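Novice: First the structure, then my questions, so here it is.
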Amino acid sequence: MATTMNAAVSLTSSNSSSFPATSCAIAPERIRFTKGAFYYKSNNVVTGKRVFSIKAQITTETDTPTPAKKVEKVSKKNEEGVIVNRYRPKEPYTGKCLLNTKITADDAPGETWHMVFSHQGEIPYREGQSVGVIADGIDKNGKPHKVRLYSIASSALGDLGNSETVSLCVKRLVYTNDQGETVKGVCSNFLCDLAPGSDVKLTGPVGKEMLMPKDPNATVIMLATGTGIAPFRSFLWKMFFEKHDDYKFNGLAWLFLGVPTTSSLLYQEEFDKMKAKAPENFRVDYAISREQANDKGEKMYIQTRMAQYAAELWELLKKDNTFVYMCGLKGMEKGIDDIMVSLAANDGIDWFDYKKQLKKAEQWNVEVY
């Protein structure tokens with residue numbers, strides 16, 4: 001027996017633009033989108049902010065699920081069907097922007113945008129891969145701009161559920177240099193300013209380091225700062241917003257997300273829906289550094305939040321079906337190591353030696369910048 005629940009996907013936004021498109025309804029056992037163009041919905045009574053919505057219907061099983069069989073580990077490097085570098089910088093694929101919407105509040109320290117590009121099935125990526133973007137124009141030497149890689153923020157089915165779109169989560173880079181001049185990142189500003197209907201040159205897909213585990217019983221610990229949330233949104237959509245014949249997540253997905261302010265939180269409404277749908281399978285903890293502190297008065301960075309669950313995390317790391325993924329600012333890596341050093345030492349284990357073993361077993365996966 002199956003029932004259908006409404007799972008509207010809402011992206012908090014004060015600025016949004018969209019390109020009329022016909023969304024699709026694929027097989028009834030998977031995610032099903034209503035027909036129509038993208039649109040605004042202004043019903044967030046708490047903040048009064050405008051909300052961009054993609055309405056979806058998620059089919060879920062109400063019967064007791066059949067226990068999943070233990071999945072034999074296969075190296076991601078040898079995983080079948082994973083495509084890399086179908087499109088390269090010299091011959092990129094030209095996609096089209098369907099949607100570009102700002103998903104941080106106006107008072108957030110910096111802008112982050114969610115964008116959806118069509119690829120007509122020509123860039124068949126997996127959750128955890130990246131795509132390259134080549135900004136329009138030329139550099140100061142008169143040459144085309146170099147490729148900039150971005151982690152994919154959508155599942156392999158894409159936000160429209162038809163395997164023909166790819167989504168990115170991009171922060172607009174603007175800073176002041178030593179001479180007091182305002183500098184804008186070429187590719188991030190190109191993307192954040194991209195109008196729906198515009199062409200965009202894409203390369204890839206690339207990468208196998210961050211591919212999500214195939215084991216539906218796995219414990220997946222995700223550590224993200226800012227736009228490092230992108231690959232984990234792709235994981236979580238597959239786990240909780242889609243139904244697949246060959247995959248039903250029965251494990252534990254635990255997300256730690258670090259941001260500076262509440263107004264910088266990304267995809268919070270989606271994560272709230274996931275928690276409501278699968279409270280036993282999904283946990284999320286936020287670390288809001290400019291607004292929260294621990295008992296010692298220290299700012300709440302991602303490693304500070306993790307320290308509150310240190311013993312529990314260490315016990316999970318002892319299991320052979322626990323996988324850790326880290327994506328975002330490189331600075332968080334040392335803080336996380338500092339926590340683990342003392343925990344491992346309590347068991348007479350050298351953390352850095354143990355981490356090497358985890359990496360070799362593909363249970364410790366890092367993509368930082």
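Every residue, even glycine, has its Cβ placed from backbone N, Cα and C.
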Novice: Which residue of Thr104, Thr219, Thr225, Thr227 does Swiss-Prot report at the same FAD site as Arg148, Leu149, Tyr150, Ser151, Cys169, Val170, Lys171, Tyr175, Val186, Cys187, Ser188?
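Specialist: That FAD site, as Swiss-Prot gives it, pairs Arg148, Leu149, Tyr150, Ser151, Cys169, Val170, Lys171, Tyr175, Val186, Cys187, Ser188 with Thr227.
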Novice: Of the candidates Glu80, Glu91, Glu367, which does Swiss-Prot annotate as part of the NADP(+) site that also includes Ser151, Lys171, Thr227, Val259, Pro260, Ser289, Arg290, Lys299, Gly328, Leu329?
Specialist: Glu367
Novice: Say we define neighbours as other CB atoms within 10 Å of the CB. Which of the recorded positions Ser151, Ser188, Thr219, Thr227 has the fewest?
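Specialist: Sparsest of the recorded positions Ser151, Ser188, Thr219, Thr227 by Cβ contacts within 10 Å: Thr219.
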Novice: Under a three-state reduction of DSSP output, how is Pro260 (NADP(+) binding site) classified: helix, strand, or coil?
Specialist: coil
Novice: Non-local Cβ contacts of Gly328 (NADP(+) binding site) (under 8 Å, 6 or more apart, same chain)?
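Specialist: Result: Leu223, Ala224, Thr225, Gly226, Thr227, Gly228, Ile229, Gly258, Val368, Tyr369.
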Novice: Within the domain 'FAD-binding FR-type' (90-212), count helix residues (DSSP H, G, I), strand residues (E, B) and coil residues, in that order.
Specialist: 7 helix, 51 strand, 65 coil
Novice: Would you mind listing, in sequence order, the residues at least six apart from Cys192 (disulfide bond) in the same chain with a Cβ closer than 8 Å to its Cβ?
Specialist: Asn100, Lys102, Glu111, Trp113, Val170, Arg172
Novice: Going by DSSP, is Thr227 (NADP(+) binding site) sitting in a helix, a strand, or coil?
Specialist: helix
Novice: How big is the gap, in Å, between the Cα of Thr219 (phosphothreonine) and that of Glu367 (NADP(+) binding site), rounded to a whole number?
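Specialist: Just about 19 Å between their Cα atoms.
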